[in-house]
Structures are given as C-alpha cells and as structure tokens.
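A short write-up of the structure that comes next.
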Amino acid sequence: MSGKSLLLKVILLGDGGVGKSSLMNRYVTNKFDSQAFHTIGVEFLNRDLEVDGRFVTLQIWDTAGQERFKSLRTPFYRGADCCLLTFSVDDRQSFENLGNWQKEFIYYADVKDPEHFPFVVLGNKVDKEDRQVTTEEAQAWCMENGDYPYLETSAKDDTNVTVAFEEAVRQVLAVEEQLEHCMLGHTIDLNSGSKAGSSCC
C-alpha cells in the first residue's frame, strides 16, 4: 500500500458472547472459530485498507464484555477514534445493554463531544434463526440515541463484516472533515482583532 496511512483506533464493545472477537478475526484473518473463548482483558489486531481513496491502518481493539473485566478494558478506551457497539440479535439482553456500554465508553474514553463522536451499532449473529431483536427495533434505538449507522452482521458467514469496518472508517473521516471545515471557516481578522467567517463547531 502506497501513500501515507492514517492510524485509526476502533473499539469493539458489547456483552460477552456477542461475537466481538469473531468479527475482528473474520475481518483481519478471514477465519471463523466456532470454539472461540471469551476474551480476557483486551486484544487488538491491525489491518491496512483503502476507503474512498484514503489509506488507513485500522487498529481494532476487542474488549472483554464481562463485568469482572471492567478495570482491565476501560483504560484502553482513551484515544479511540470510533466505537462499534455490538449486540447479538438472538440475545435480547445484549441489545438492552447497549445504552450502558455507550455511557461507559463516553465516560472512560473522556469523550468531549458525545453528540458528534462516531459510534456504529452492529447487530451480530444474523445467521441465527431464533432472533430476539428486530431490525426495526435496532434502527429505532440508533435514531433515538445519536442517529448512528446500524449494520447487521455475521462473523460466521461473513455477512457485512467488511462493510461494518469500512463504515467505521467513513464515520471517523466524516467527523475529521467536518472539524477541518469548521477550523477553516473560523478565521481571525488580525487588523480588527475580531473574528471573521462562520463556525459550525
């Protein structure tokens, strides 16, 4: 891959057993292990990609979903560029816990502007037949909690896995572009000492 690569840190968050490790491994190694164990603490993998002409190194952090590992995972939230809130469509409780994960991340990552932070919501395990959460319910949650993109994925059969991580990159790039636009539009007239132009920040 040629050209300067942008390093982006992405955090996978959600209850234990929703398939965060499987999503990461499917995306980076294109492998699926049905016997995978729960993550203890954190793990991360890198993958280089190109999205809309931008070269990116995606650093994907997979976190332990169990409450007893909270002290191990939360220090790694800082510096994250995007958060993938993940639940399993066949586990109602994992969906209902999304709000708690969102709040935990915002607090421990010290997010300064939660309304504009790029969250992406993933409904994983769509290969399962006994789903407990409908697409419409998940989309409604996303609209109510920040108008987040929602994607349904399956690490097992590789449904929307690449699309999900590329969407995360697009969300980060969109926020950065908006910030750059704000800074360019917010200029200072040195002669008068007053600010000229407009700001969208």
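Cβ from N, Cα, C; glycine included.
The feature GTP binding site is assigned by Swiss-Prot to 18-22, 33-34, ALA36, 38-39, GLY65, 124-125, 155-156, with similarity to another entry given as support. The Mg(2+) binding site feature in Swiss-Prot is assigned to SER21, THR39, ASP62. Under the heading motif 'Switch 1', Swiss-Prot lists 31-42, citing similarity to another entry as support. Annotation source Swiss-Prot lists phosphoserine at SER34. Sequence annotations record features per position, and here Swiss-Prot assigns motif 'Switch 2' to 64-78 based on similarity to another entry. According to Swiss-Prot, the feature S-geranylgeranyl cysteine maps to CYS200, CYS201, an assignment based on similarity to another entry.
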Discussion item. For ASP62 (Mg(2+) binding site), which of the listed binding-site residues (VAL18, LYS20, LYS125, LYS156) have their CA atom within 10 A of its CA?
Written reply: LYS20
Worksheet item: Among the binding-site residues listed here, SER21, SER22, SER34, whose Cβ has the fewest other Cβ atoms inside 10 Å?
Response: SER34
Fill in: Model confidence over the motif 'Switch 1' (31-42), averaged pLDDT
68
Item to complete: Going by DSSP, give the three-state secondary structure for LYS20 (GTP binding site).
Response: helix
Fill in: Among VAL18, LYS156, the most crowded of the binding-site residues [Cβ within 10 Å]
VAL18
Discussion item. What's the number of neighbouring CB atoms sitting within 10 A of the CB on LYS20 (GTP binding site)?
Written reply: 29
Item to complete: Sort out the sequence-distant neighbours of LYS125 (GTP binding site) for me: same chain, 6+ apart, CB within less than 8 Å of its CB, listed by position.
Response: VAL18, GLY19, SER88, VAL89, ASP90, ASP91, SER154, ALA155, LYS156
